[in-house]
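Positions annotated as N-acetylproline by Swiss-Prot, on the basis of sequence analysis: P3. Summarising the annotation, Swiss-Prot assigns N6,N6,N6-trimethyllysine to K14 and lists sequence analysis as the type of evidence. What Swiss-Prot lists as substrate binding site is N123, T173, K177, R295, H327, S379, and the listing cites sequence analysis. The active site, proton acceptor annotation in Swiss-Prot covers K175, H294 and rests on sequence analysis. Taken from Swiss-Prot, the feature Mg(2+) binding site applies to K201, D203, E204, supported by sequence analysis. For K201, the entry in Swiss-Prot reads N6-carboxylysine. Per Swiss-Prot, site 'Transition state stabilizer' is recorded for K334, and the stated evidence type is sequence analysis.
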Amino acid sequence: MSPKTETKASVGFKAGVKDYRLTYYTPEYQTKDTDILAAFRVTPQPGVPPEEAGAAVAAESSTGTWTTVWTDGLTSLDRYKGRCYDIEPVPGEETQFIAYVAYPLDLFEEGSVTNLFTSIVGNVFGFKALRALRLEDLRIPPSYSKTFQGPPHGIQVERDKLNKYGRPLLGCTIKPKLGLSAKNYGRAVYECLRGGLDFTKDDENVNSQPFMRWRDRFVFCAEAINKAQAETGEIKGHYLNATAGTCEEMIKRAVFARELGVPIVMHDYLTGGFTANTSLAHYCRDNGLLLHIHRAMHAVIDRQRNHGMHFRVLAKALRMSGGDHIHAGTVVGKLEGERDVTLGFVDLLRDDFIEKDRSRGIYFTQDWVSMPGVMPVASGGIHVWHMPALTEIFGDDSVLQFGGGTLGHPWGNAPGAVANRVALEACVQARNEGRDLAREGNEVIREACKWSPELAAACEIWKEIKFEFDVIDRL
């Protein structure tokens, strides 16, 4: 035997490669209340047994590597390893299965979504033995979630700050998203807020470009907010996008927003990164700023049914990292989102305790204990005819955000805002009177048109607009 391959049997170490399932597939394991649990949709390469593929996922996302190593004997693998504890078939898919993996809590740094994701999804998704892999859900135990601050303020504190109750909030993304000067941008903000909206918004890619530097935009938007508040008597806000190329620059922009006295800032949490997002969330809580979160880049990660991560996982990660709002699809607009799936992760964002419900894609019971909730934002291709459905689907604790559905009004920005506010108030009143918005919604809107010419004009311009494409991500 060559010295390079000699086995040191005398010290209990046997070199070589062995099947993952011999160590990491443990169907007899009883999960602990402190374990982080994961549900993976696994598509193995032909010839790879489900037990081996599931064990490989557990190994490569925890303590394992491709071969036995001498240093395994210097720690307790039984204490620290991930375990594939259950495998179930995927109905209608002969080549796929769900692998359930339990991770001991000590594998993860406290209060770090960055470390959590680096471990669970950082390397294993490129594993050759797998044709595809998707993380469908995570169970975050209270013993781990309590190490996070979570949202800077949460739903109830936001309502108290705004003094607005009993209805969804209304927003608008300023369009065109790129190319306006700071002064013209501020003008559009003022007109929309004066017309009745609660918020206006920077689009996700509005940062600090040559045509509109961030400081100029912040100043003109703050002026627009103050003017609209003075005229309407309502508290208004504009999501000032603080996303930047460095964390230091991001915080500098948030500091300037606070100095201007605005109520809310914004961050692109996936392109900006979880470390940056958590830092900004901590600053916002310490300084009384609300934090709006855009999910730009999410579809790169979550849209494919067989590979990547489901948005419910990204939503849970955001709740821990911190944000008071997050975009969550519309069900009825131009962006992807099936109703039951969307409402499943909306509950994961807002509620304290969510029961396991596979009919809505929720694989685990989730207890957030005292962590504040996040308000879902419905945005993307919506207009006044969608208002009854949006009110019925998302309920009061949501933001309904109309960009083109405000600024595309034939009479201008302020009438577009008026149309949306009238439509919302009509839907809320009808719901409170016991009317069924799902069945009577169009009639509610038509009745409101009789005393709102702005709404009537909006209804006429968008009466034929629909986005009727089949969704990709079904249960």
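Any Cβ shown, glycine's included, is placed from N, Cα and C.
Projection of Swiss-Prot feature records onto the structure.
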| residue | record | Cβ neighbours (10 Å) |
| --- | --- | --- |
| K14 | N6,N6,N6-trimethyllysine | 9 |
| K175 | active site, proton acceptor | 16 |
| K177 | substrate binding site | 14 |
| K201 | Mg(2+) binding site | 29 |
| D203 | Mg(2+) binding site | 19 |
| E204 | Mg(2+) binding site | 20 |
| H294 | active site, proton acceptor | 28 |
| R295 | substrate binding site | 23 |
| H327 | substrate binding site | 21 |
| S379 | substrate binding site | 25 |
Task: recorded positions clustered about E204 (Mg(2+) binding site) [Cα within 10 Å; pool: K14, R295, H327] - done: R295
Open item on the list: Taking 8 Å from the centroid of the Cβ atoms of K201, D203, E204 as the cut-off, which other residues in that chain fall inside it around the Mg(2+) site?
Closed with: T173, I174, K177, D202, N205, V206, Y239, N241, M266, H294
- [ ] May I ask for the distance between D203 (Mg(2+) binding site) and K177 (substrate binding site), taken between their Cα atoms and rounded to an integer number of Å?
- [x] 6
Task: N123 (substrate binding site) CB neighbourhood, other CB atoms within 10 A - done: 11
TODO: Over all pairs in N123, T173, K177, R295, H327, S379, the listed substrate binding residues, work out the largest Cα-Cα distance in Å.
DONE: 36
Task: Between H294 (active site, proton acceptor) and N123 (substrate binding site), the C-alpha gap once rounded to whole angstrom - done: 26
Open item on the list: With DSSP assignments reduced to helix, strand and coil, which class does H327 (substrate binding site) get?
Closed with: strand
Task: Proximal but sequence-remote residues of the same chain as T173 (substrate binding site) (Cβ under 8 Å, at least 6 apart) - done: T200, K201, D202, D203, S379, Q401, G403
Task: K175 (active site, proton acceptor) to N123 (substrate binding site) - Cα separation in whole Å - done: 39
- [ ] Indicate whether T173 (substrate binding site) is helix, strand or coil by DSSP.
- [x] strand
TODO: For R295 (substrate binding site), name the DSSP secondary structure in the helix/strand/coil scheme.
DONE: coil
- [ ] Taking only the Cα atoms, work out how far N123 (substrate binding site) lies from K14 (N6,N6,N6-trimethyllysine), in Å, as a whole number.
- [x] 26
